[in-house]
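*Asks:* Got a structure for you, questions after.
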Amino acid sequence: MSAKHFINDPTHLVNTALRALTLTNPSLALDPENKIIYRRPGHEPQVSIISGGGSGHEPSFGAFVGEGLLSAAVAGTIFASPSAEQIRKAVMSRVDGEKGILVTVMNYTGDVLNFGMAVEKAKAAGLKVEMLVVGDDVGVGRIAAGKVGRRGIAGTVLVHKISGALAARGASLEDVYKVAKLTADNLVSVGASLDHVHVPGRAPPDPKSDENLATEEVEIGMGIHNEPGSGRAIVDLPELVSRMLAQMLDWKDEDRAFLKVNSNEVVLLINNLGGVSVLELGGITAEVVGQLEKTYNIKPVRILAGTYMTSLNGLGFSISILNVVNTDIGGPSMLQLLDAASEAAGWAAPIKKETWEAKSSRTRDESTSGAEEVKPSGLKISTEAFKTALTGGLERVIAAEADVTKFDTAVGDGDCGIGLKRGAEAVLKLLSTTQLTGDAVLDLSKVVQVVENTMDGTSGAIYAIYLNSLVHSLRQQGSSTATPQVWATALQQASKSLANYTPAQPGDRTLVDALHPFVETLAKTGDVKKAAEASRKGAEGTKGMKASLGRTVYVGGKGFEQVPDPGAWGLSEFFLGVAGVKGGEEGYEMV
């Protein structure tokens, strides 16, 4: 895990992050001396809910303060509990105590002791306060945990959300505490991480330390402060998820059988520990949901995936499962409370109750072919000549892949040659398996579809735009036969259309340096071979030309001085092939 940070002073980091919460949510205020985030006064009286703990777990807990969730959160330094005095100030002076106060804390010794001390002081002062300790982690079993019990991790946010929504409805402290405890008692969670995290301000970790995880290792059950879990393993994601779910759901594992998930309604929370990309978290979520259904016949009624409780930038995730049970308070249900609206920046669950309950399985799966929808144009071509010319151009593009790749490696990311080859091979396959109609628009439209489906990236988009414009331009020609002059006019119009989407002009070191001379020479002479030769000359002229557009601008270096533009070179190869010029003698070597 990286030991580099934008803010290395941990005190400054925590203080500014707390300040930022009041900037992103104007309903919040900050007591900077005691590091308390709290709701500004002025709302209807309700049971106040307070939580907190060490910093480094954002958005927990400060970003969960807001209407429908927490009333206040107290922050300690990174990974360290706030003091009893900080917490006492929050309980006794930063929230409304008229209807009572619920203090919810995760099961870590420092948090339990400091929050407990503050609660007892508040009770001694005559306030009506209850305290709930949440322990949902099964990463450490009964034997290893001993008297300490389960640690509190990301499942705690579900306790906060459900109890906060109930408090917002005006429920009594007794009912809010009851439902909060019921939620906590029906939670199991477990995490996994690929690495430990580095706390800003601390010395970089010793790379030789045995505490470091090996490159392929994962810590199963790692806590949110770098604490070890049940062990390390070298496993792929499916096996990792399988082990994690077994720790949560295998009732035969007496050391970890904390909860028998037997409800028809189950809530799943996939939590990012801070360093997992959104893309990868999506893949993890799909794996977890798939295994839950296949192995345990569990189909969650709500699936929440995102960043709820981090370990700074921890490269890991946690899974939490809530067994939804009857609250026995005459309503609302746990799910209704979970779905209830809230105004807290850290709570991310934008899908409405009605959307979940609709359980729609409708899709748009009708497969329609763009070619079938294109109307004939009446513009005739020789199918044999069209196929021969196109085949010649595509074969030259394929043969030139090595050169184009070499050029692109020098000035770009090296994928231009492969992209052109992939598209060329796909069009050749089309020509070998499809009967051409002899209508220029219909036949070119088939080629365009293949290009759109097989060529990606910037060049793929440019080719797709240009070819679609060419199809449209051909339809506008009003001629019965596609002569070279008709093609030239349509190509010129397509070039004008392309200019609406890219500023590339001759001299910018792009494929336009090969395209423009081909089109203009064809328009002047009607000779495809002369046009192809002009295209090759244009491509050769890009050697030494400094790029104004494209990835080459960012790559830098002096590669452009030794090689031509790869896109221009590949296109000139195509035009030479279309003109019937055979390849083999025109190789281009880097100097």
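Note: Cβ is positioned from N, Cα and C throughout, glycine not excepted.
This is the feature table in TrEMBL:
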- His225: active site, tele-hemiaminal-histidine intermediate (ACT_SITE)
- Gly54, Ser55, Gly56, His57, Asp111: substrate binding site (BINDING)
- 9-347: domain 'DhaK' (DOMAIN)
- 384-580: domain 'DhaL' (DOMAIN)
- 356-375: region 'Disordered' (REGION)
*Asks:* Which has the fewest other CB atoms in a 10 Å radius around its CB: His57, His225, the listed recorded positions?
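*Replies:* It is His225 that, of the recorded positions His57, His225, has the fewest other Cβ atoms within 10 Å.
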*Asks:* Rounded to a whole angstrom, what is the C-alpha distance between Gly56 (substrate binding site) and His225 (active site, tele-hemiaminal-histidine intermediate)?
*Replies:* 9
*Asks:* Given the binding-site residues Gly54, Gly56, which one has the fewest other C-beta atoms within 10 angstroms of its C-beta?
*Replies:* Gly54
*Asks:* Whole number in angstrom, please: the longest C-alpha to C-alpha distance across Gly54, Ser55, Gly56, His57, Asp111 for substrate.
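*Replies:* About 14 Å separates the two most distant Cα atoms.
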*Asks:* Count the Cβ atoms, other than its own, that fall within 10 Å of the Cβ of Asp111 (substrate binding site), considering every protein chain shown.
*Replies:* 23
*Asks:* How many whole Å apart are the CA atoms of His57 (substrate binding site) and His225 (active site, tele-hemiaminal-histidine intermediate)?
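*Replies:* Cα-Cα, rounded: 9 Å.
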*Asks:* Quick one: give me the count of other CB atoms within 10 A of the CB of Ser55 (substrate binding site).
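*Replies:* Looking across every protein chain shown, the total is 25.
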*Asks:* Could you measure between Asp111 (substrate binding site) and His225 (active site, tele-hemiaminal-histidine intermediate) for me? Cα positions, answer in whole angstrom.
*Replies:* 13
*Asks:* If one measures from the C-alpha of His225 (active site, tele-hemiaminal-histidine intermediate) to the C-alpha of Gly54 (substrate binding site), what distance in angstrom results, rounded to a whole number?
*Replies:* 9
*Asks:* Using the centroid of the Cβ atoms of Gly54, Ser55, Gly56, His57, Asp111 as reference, list every other same-chain residue with Cβ within 8 Å of it (recorded substrate site), in sequence order.
*Replies:* Gly53, Ser60, Ala75, Gly76, Ile78, Phe79, Ala80, Ser81, Ile224, His225
